[in-house]
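Asks: Checked TrEMBL, it gives:
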DOMAIN    1-286  domain 'Acyltransferase 3'
TRANSMEM  26-47  transmembrane segment
TRANSMEM  90-112  transmembrane segment
TRANSMEM  118-139  transmembrane segment
TRANSMEM  151-171  transmembrane segment
TRANSMEM  177-196  transmembrane segment
TRANSMEM  208-232  transmembrane segment
TRANSMEM  268-289  transmembrane segment
Amino acid sequence: MSGFLIAGSAQRLSLRNFLINRGLRIVPALAVDIVVCSLIIGPIITVVYHADYFTDPRFFKYFLNIVGWIHYELPGVFQDNPSQRVNGALWTVPWEIFCYIIMSFLMVTAIVKTRYKLLAVTAAYIVIGLIVQKMPYLFPGSIKPIARFLFMSRGSQLITAFMMGIVAFQFKAVIPHSRWLFAAACLVCVVAIVTLDSRAVESVINRPIVITSLVYITVFIGLTEVPIPAFFRKGDYSYGVYLYHDPFLQIWISSFPTVFLYPKYGALALYLVGLPSALAVAVLSWHFIEKPILGLRKKFSFIAQVRGVEDGNQAGRGSNIRPVAVKS
């Protein structure tokens, strides 16, 4: 969805202002999350002495997450959980940074403004991925690991989704906003989940179908006018939920393992208490960190000076987007 949401600003803004806007949206809240996990949650949860905790190399390395160099563990934290990762969701951060590098290239070359060139670049990325998967012998041994990482790894599917999101934005005027297409896309995803294992669903050969369906589903829902509770109209809490949901799920598991690791129903109970906990912190993150920081865009962007930084759940999220032309 991020490719779709930021494509508009990528066409309006200079590269400098675009990168400043993205940095202000991503980095401050991420930095606060890292500080909260390492300096508040960690010392409370850890099973090692605080003197050992604060001198352990893993404690210092955890702050590298702020710049996208991901480290998952803090000393003695969640040691008895099935996973010792403090925040497993951070694996997407380096890939998001890479997507912004790709967008920078598309902006400098003006490809982002030319729909068919953009479509060709996206198709080329998918085709190269298929070649890497099906004909790896075409690549020298030294290049093969890099090619697999860029085109076949788990994170590379985020690049595919990002590129398809930009394409969807460029073609939004001609893509039907259809309930039937939405139902068909949902059916494709359900069939993929039921009939394929996770590795097959994420494989390069299935990405054009599965990710295209997911992009359509996401954009359709995002552009469909549905009643939104007043609470959620007060801010954009999605990024905060992304940052804090995993640490809070881990906290609940660590505190009540017999409840939340119970077969069948434990996972449901975990999400019933974990997500509201993360949402509560996300609300604080938006109103005290993210929203004030986004106000700084006025100092850098002429467009922001003219329009003002928007309040509500579309701030910083490309809220000028309108539904596609054809509805059925």
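Positions of Cβ are set from backbone N, Cα and C atoms, glycine also.
Keep in mind that what you see is a predicted model, and the values were worked out from it rather than measured.
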Asks: Thinking of Cβ pairs under 8 Å, which stretch from 26-47, 90-112, 118-139, 151-171, 177-196 has the most of them with the transmembrane segment (268-289)?
Replies: 26-47
Asks: So which residues does the transmembrane segment (118-139) touch in its own chain, when a touch means Cβ under 8 Å and the partner is 6 or more beyond its ends?
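Replies: Cβ under 8 Å, 6 or more out: 106, 111-112, 147-148, 151-152, 156, 159-160, 163-164, 166-167, 170-171, 203-205, 207-208.
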Asks: Using a Cβ distance cut-off of under 8 Å, indicate which of 26-47, 90-112, 177-196, 208-232 has the most pairs with the transmembrane segment (151-171).
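Replies: Going through each listed stretch, the top one turns out to be 90-112.
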Asks: Can you check how the pLDDT averages out over the domain 'Acyltransferase 3' (1-286)?
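Replies: Summing pLDDT over the domain 'Acyltransferase 3' (1-286) and dividing by its length gives 90.
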